[in-house]
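Pulled from TrEMBL:
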DOMAIN    21-116  domain 'O-methyltransferase dimerisation'
DOMAIN    139-348  domain 'O-methyltransferase C-terminal'
ACT_SITE  His271  active site, proton acceptor
Amino acid sequence: MALNDSTTNDQALLDAQRELWHHTFGYMKSMALKAALDLRIADAIHHHGGAATLPQIATRVALEPSKVPCLQRLMRVLTVTGVFTVLGHQPADDNGDGDEHVAAYGLTPASRLLVGSPSVSPFLALMLDTSFVSPFFGLGTWLQQGKLPPDQSLFEMAHGKKPWDLATRDPAFGSLFNEGMAADSGFIMDIVVRECADVFRGVGSLVDVAGGLGGAAQAISKAFPDVKCSVLDLPHIVADAPAGTDVKYIAGDMFQSIRAGNAIFLKWVLHDWGDAECVKILKNCRKAIPPREEGGKVIILDMVVGAGPPDLKHRETQVLFDLFIMFVNGIERNEQGWKKIIFDAGFSDYKIIPVLGVRSIIEVYP
């Protein structure tokens with residue numbers, strides 16, 4: 001073997017090892033982000049006008065002094081991965097480490113979403129909570145099934161109940177769950193009513209199915225006052241609905257029937273269910289709306305895997321979230337998957353509008 005062949009082979013082995021290490025330690029990116037959320041580092045930087053030194057951050061988050069070097073290593077990960085940025089250097093203040101100048105950390109477009117309003121922090125906190133992360137340690141076991149019931153989800157294998165049941169029985173988790181969902185609604189619906197305004201124009205009445213406490217419906221009602229908005233959800237959820245809004249709350253079960261409206265809205269609902277359940281829900285939606293020529297339609301806000309920009313981060317985020325939602329036996333569908341359940345439910349046509357990042361709006365017509 002020639003020397004250069006040996007060198008090439010060794011380099012290939014080292015590249016392969018690096019690839020595996022990159023995957024193996026990829027979870028540290030999530031844990032670093034979780035630490036940033038727990039410590040409210042973005043708030044600390046924001047408090048200092050968008051540029052804060054390490055000592056300023058450490059003081060603001062009440063860090064144990066001996067852990068400041070560790071915070072620096074954490075910030076290095078968070079800057080390399082794009083959560084924060086290094087703005088340069090500025091004179092050290094009274095809390096400085098003795099150096100004449102120290103690095104100043106700033107917010108990126110990503111970390112700006114962690115402060116102010118809308119903030120996605122509660123949603124990320126939910127996604128990174130132990131209750132959501134720990135089931136994936138058993139993913140291999142769950143895939144083999146063994147003695148587990150065939151329809152038992154990965155989450156149920158770990159916790160003995162579905163996440164919405166756990167949210168009902170565990171007040172702390174329930175609060176985390178509700179705040180996370182509300183934060184996501186607040187963020188995405190602000191964009192929906194701007195980017196997808198044509199979807200709601202001309203709609204006389206809209207029923208937000210499984211709409212929880214009505215964050216999405218309230219956003220639609222505020223942006224389009226002519227649309228009479230209602231929320232349909234289970235009785236124990238409707239019992240906690242806020243008062244004094246223009247949104248009407250209806251206790252019911254989407255698997256049984258859905259209140260009539262010109263449009264039915266399904267935000268992040270169908271990805272929780274298999275095809276058979278989705279077809280049943282969509283059939284009930286079809287019964288609840290008028291014909292297409294009278295403006296009847298179903299508006300779905302969900303992910304369409306493969307829709308949107310072709311860049312790697314976009315595609316990777318979609319397939320990673322699909323693997324994540326599998327922990328409740330859910331699925332993120334590609335266009336063919338959506339087409340199947342839409343047509344199986346008796347609808348005649350649909351239109352995908354991929355303007356919501358990794359998610360899309362799907363208009364479905366009877």
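Using N, Cα and C of the backbone, Cβ positions are placed for all residues, glycine too.
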Those residues of the chain, 6+ apart, with a Cβ under 8 Å from that of His271 (active site, proton acceptor): Asp302, Met303, Ile325, Gly330, Ile331, Glu332, Arg333
Would you mind splitting the domain 'O-methyltransferase dimerisation' (21-116) into helix, strand and coil residue counts from DSSP? 51 helix, 18 strand, 27 coil
Find the average pLDDT over the domain 'O-methyltransferase C-terminal' (139-348) in the predicted model and report it. 93
